[in-house]
Amino acid sequence: MNRIFKSIWCEQTRTWVAASEHAVARGGRASSVVASAGGLEKVLKLSILGAASLIAMGVVGPFAEEAMAANNAGVCLTYNGSSNNTSGTGGWFADGCKSAGWVQGMVTNSKTDWVGLTADDTQIVLDGSAGSIYFRTGGINGNVLTMSNATGGVLLSGLAAGVNPTDAVNMSQLTSLSTSTATGITSLSTSTATSIASLSTSMLSLGVGVVTQDASTGAISVGANSPGLTVDFAGGQGPRTLTGVAAGVNATDAVNVGQLASLSTSTAAGLSTAASGVASLSTSLLGAVGDLASLSTSASTGLATADSGIASLSTSLLGTADNVTSLSTSLSTVNANLAGLQTSVDNVVSYDDPSKSAITLGGAGVTTPVLLTNVAAGKIAATSTDAVNGSQLYTLQQEFSQQYDLLTSQVSSLSTSVSGLQGSVSANTGTASGDNSTASGDNATASGTNSTANGTNSTASGDNSTASGTNASASGENSTATGTDSTASGSNSTANGTNSTASGDNSTASGTNASATGENSTATGTDSTASGSNSTANGTNSTASGDNSTASGTNASASGENSTATGTDSTASGSNSTANGTNSTASGDNSTASGTNASATGENSTATGTDSTASGSNSTANGTNSTASGDNSTASGTNASATGENSTATGTDSTASGSNSTANGTNSTASGDNSTASGTNASATGENSTATGTDSTASGSNSTANGTNSTASGDNSTASGTNASATGENSTATGTDSTASGSNSTANGANSTASGDNSTASGTNASATGENSTATGTDSTASGSNSTANGTNSTASGNNSTASGTNASATGENSTATGTDSAASGTNSTANGTNSTASGDNSTASGTNASATGENSTATGTASTASGSNSTANGANSTASGAGATATGENAAATGAGATATGNNASASGTSSTAGGANAIASGENSTTNGANSTASGNGSSAFGESAAAAGDGSTALGANAVASGVGSVATGAGSVASGANSSAYGTGSNATGAGSVAIGQGATASGSNSVALGTGSVASEDNTVSVGSAGSERRITNVAAGVNATDAVNVGQLNSAVSGIRNQMDGMQGQIDTLARDAYSGIAAATALTMIPDVDPGKTLAVGIGTANFKGYQASALGATARITQNLKVKTGVSYSGSNYVWGAGMSYQW
């Protein structure tokens, strides 16, 4: 039969398609073409080449349709519901287009328009009716979608927004994600800033603390809401300087050094006024000597002036006394304020108001005075605003006392001079031999130019010299000697007082027996001596023999260069040394001793406090009876002792005897080198040890004890917490009553115990007694070697065992229990899940209530049970009771030895049987099922497909509802039946009932014994016959002589004639075929692009990729994804774009 074809434009597929001569194209774009045999061969060759490429690369996974025969290639065109024709190679296409075996179940004569290309088992089908393109490949590697061109990747456009977790996303979704992310970040930033501002406000509003500031007023308070009355500024190194102190106004205000300097200035002013009165008196006396006639008047005037001077001096002294009284009163007030303070961490100094102009100790508005202690000495200067301490005031009081004594001596000397003057008024027998000289008194001699000698036996031999007093002598130029037996022999020297001597140039000696022999020296006070250059001795029997030295106080001695001794019996013999306090001694160079009996003998040493001793170089002793004998040592506190080099002892009775040691706290002891003890009775005796806390002890080398009564006796050990004990080497105990006795052990938690070497116990009552064991959680126990217990009341007693979870128990060697109430008692067993149990050796139970009791058994899933040796149960309520049995799926059961059940409710009861699929049953020995509701009851039988049944021994049923009931029978295809012994049925609905019969094809029937029915609907009812059709549906057989009758086969000649006719008909289809070729090229490129996408790798769950391909200049891009649903099930899908066509495909495979 001849047909004429034409090509028309399909609006749905947007392609040119082949159609009947009677078809009309919408829009009138149809065109008639004449196809040539060469054109068809070209299309077929290209199709075969493209299909071969797909086979080599792999496309979408296999489908369930029947595969075509191998080594065949061809094309099948179907339109208007009927098959056009087929050009192919090989036996599969030898007799025309096949109606079955196409991808997606395509069947000839059942679809309106479709084109199929095949090469062996790899196919491409263009379904015009559905507007879809389908792919299938026999390969297993078609899992890569690659899109590329000569310069790189290609653009995939028109992509819809992804919905499912495995969908691709487009640019719109990505932009939306970026926008939402930016919004989230902005929101986070805003909320963070708000939180920080809130935190700042909360911190500023704190009412109790060390130093707080009100958030609203800015006022600073110190412990405003705490009841303590004492502020202690002392640090680890002693008192601190309080700077920025405003001048006190009220009786309870602190005073600064500026106020103290002002007081000193007013005192000096009083002294200056007294000196001015004395000078006025001397001038008057000189006038009396010049004119005897007016001597009486001048004397009276001088006496009056002297009286005035004395009165002024008295007034100044009274004013000074008032100032001292006022100062004493202020000091009494300060002392009263400071006396009321109690040491309190919660009480600190705060500003009274936001202006920060005043600070009231005890808080704003408090009228009860408080004591301010441990105030470092403030800087004394006119511009200083520093606070001063009691020591500085005491020194000022001592200096004032000395100046007062000096003034008393000067007034006494003045009284003597007046008495001598009165005697001179009666008789003047002195000799004045110098130019402009004056001599008054018996045997008075003034031989120097402008000299004055006033007094019995007084001598003024130096130019501009003045000698006033009995036996007074002024021999130095510009010298002055005032007082009985006073001597001023140095240039510009001044001797003021009975038997006073000033022999050094610019020297001054004031006081009875005072002696200033050094250049620029000053000696003030009875028996005071200043022999050093620029030295100053101030006080009764004081001595300043060192250059630039100063001795202030009764019996004070400053013999070192630049030394200072202040206080009764104080001694400063070291260069640049300072002794401040009664009987204080500073003998070391640059040393300082402050306090009664304080002693600083070491170089650069400092001793502060009664009976304090600093004998080490650069040492510091601060506190009553404190001792710092080690070089660079520091002792702070009553009876504190720092004897080790670079040691520090802080606190009453504290002792730091080790090199670089530190003891901080009452009765604390640090005897180990580099050791630190902090706290009452704390003891650090080990080298590099640290003890912190009351009664803490660190005796091990590099040990640390932190907490009340904590003990760290092991080398490199650490104990933290009340009664914590770390006795093992490198051990650590943290928590109340924790104990770490094993080497390298760690106990962390109240009452925790780590006694095994390298053990770790973390949690209340946790216990790790095994070597290398770890116990974590309350009441956890790890007693086995290398064991681990993690969870409340967990137990790991087996060697190398692990128990994780509340009440978890791992008692078997190398066992692991994970989950609440889990138990692993078998050797090498593993229990994972709540109440899971693994009692068999090498067993594994995973899931709530899972149980693995058999040796080498595995149970996975809720309530799963593996009781047989080497058995495996995987799935909720699954059961594997047979030896070596495997059950996979919910309620799956493998009860036979070596049996395997896979799928929900699957059952494999036969020995070595396999049941795969939901409700599948394999009851026969060595039987196999694969498919939902499939059944294999015969021994050695196999059933594949939904509801497939293999009842006969050695039978095989393949396909949905396939039945193989005969012994050794085979049924393949949906609804196929092989009931005869050794019978075979292939094809949907095929039926082989005869013994040894074969039925091949849809609906084929072979009922005769040893009969064969080939082809759809074929019937072989007679024994030992072969049928290729049925009555009324006969088929031709080729390669025979020319047929004559209606049922005869035709020969090659007849076939060639038929092919020639077909070619003549196809000549007019060339344009349509060319269009088809172009579409095929694009389709091949699209299909190839799908194959370029890599498959999901073993061990991974999901893979998403893109691919590209080019075939004969036609470019395609593809996007695909592969997902591994389970270990046996894998799904693949993809979409490809070429030109204006889209290709998509999906596949699924189940493997076992």
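Including glycine, each Cβ sits where the backbone N, Cα and C put it.
Across the compositional bias 'Polar residues' (427-442), DSSP classifies residues as 0 helix, 5 strand, 11 coil. Here Swiss-Prot flags 427-442 (among others) as compositional bias 'Polar residues'.
What Swiss-Prot lists as compositional bias 'Low complexity' is 443-504 (among others).
Residues annotated as compositional bias 'Polar residues' in Swiss-Prot: 505-519 (among others). DSSP labels the residues of the compositional bias 'Polar residues' (505-519) in these numbers: 0 helix, 5 strand, 10 coil.
Per Swiss-Prot, the feature compositional bias 'Low complexity' maps to 520-588 (among others).
Positions annotated as compositional bias 'Polar residues' by Swiss-Prot: 589-603 (among others). Secondary structure by DSSP for the compositional bias 'Polar residues' (589-603): 0 helix, 5 strand, 10 coil.
Secondary structure counts, DSSP: the compositional bias 'Low complexity' (604-630) has 0 helix, 10 strand, 17 coil. Feature annotation from Swiss-Prot assigns compositional bias 'Low complexity' to 604-630 (among others).
Per Swiss-Prot, the feature compositional bias 'Low complexity' maps to 646-672 (among others).
The feature compositional bias 'Polar residues' is assigned by Swiss-Prot to 673-687 (among others).
Within the same chain, residues 665, 668, 670, 672-682, 720-731, 733, 736, 740, 743 sit at least 6 positions outside the compositional bias 'Low complexity' (688-714) and bring their C-beta atoms closer than 8 Å to a C-beta of that stretch. The feature compositional bias 'Low complexity' is assigned by Swiss-Prot to 688-714 (among others).
Residues 686, 693, 696, 698, 700-709, 735-745, 747, 750, 754, 757 of the same chain, all 6+ positions outside the compositional bias 'Polar residues' (715-729), place their C-beta atoms under 8 angstroms from a C-beta of that stretch. The compositional bias 'Polar residues' annotation in Swiss-Prot covers 715-729 (among others).
The compositional bias 'Low complexity' annotation in Swiss-Prot covers 730-756 (among others). Here the compositional bias 'Low complexity' (730-756) is broken down by DSSP into helix, strand and coil counts: 0 helix, 10 strand, 17 coil.
Across the compositional bias 'Polar residues' (757-771), DSSP assigns 0 helix, 5 strand, 10 coil. Residues annotated as compositional bias 'Polar residues' in Swiss-Prot: 757-771 (among others).
Restricting the average to the region 'Surface exposed passenger domain' (72-1061) gives a pLDDT of 78. The region 'Surface exposed passenger domain' annotation in Swiss-Prot covers 72-1061 and rests on similarity to another entry.
Per Swiss-Prot, the feature region 'Disordered' maps to 420-886 (among others).
Look at Swiss-Prot and you will find 900-949 (among others) tagged as region 'Disordered'.
Swiss-Prot lists 1-71 with the feature signal peptide.
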Long-range environment of the compositional bias 'Polar residues' (757-771) - Cβ separation under 8 angstroms, sequence gap at least 6: 728, 735, 738, 740, 742-751, 777-787, 789, 792, 796, 799
Helix-strand-coil residue split for the region 'Disordered' (900-949), DSSP-based: 0 helix, 19 strand, 31 coil
Residues of the parent chain within Cβ reach of the compositional bias 'Low complexity' (604-630), under 8 Å, 6 or more residues beyond its termini: 237-239, 581, 584, 586, 588-598, 636-647, 649, 652, 656, 659
Helix, strand and coil totals (DSSP H, G, I; E, B; other) for the compositional bias 'Low complexity' (443-504): 0 helix, 22 strand, 40 coil
Residue numbers, six or more beyond the limits of the compositional bias 'Polar residues' (589-603), whose CB comes under 8 Å of its CB atoms: 391, 560, 567, 570, 572, 574-583, 609-619, 621, 624, 628-629, 631
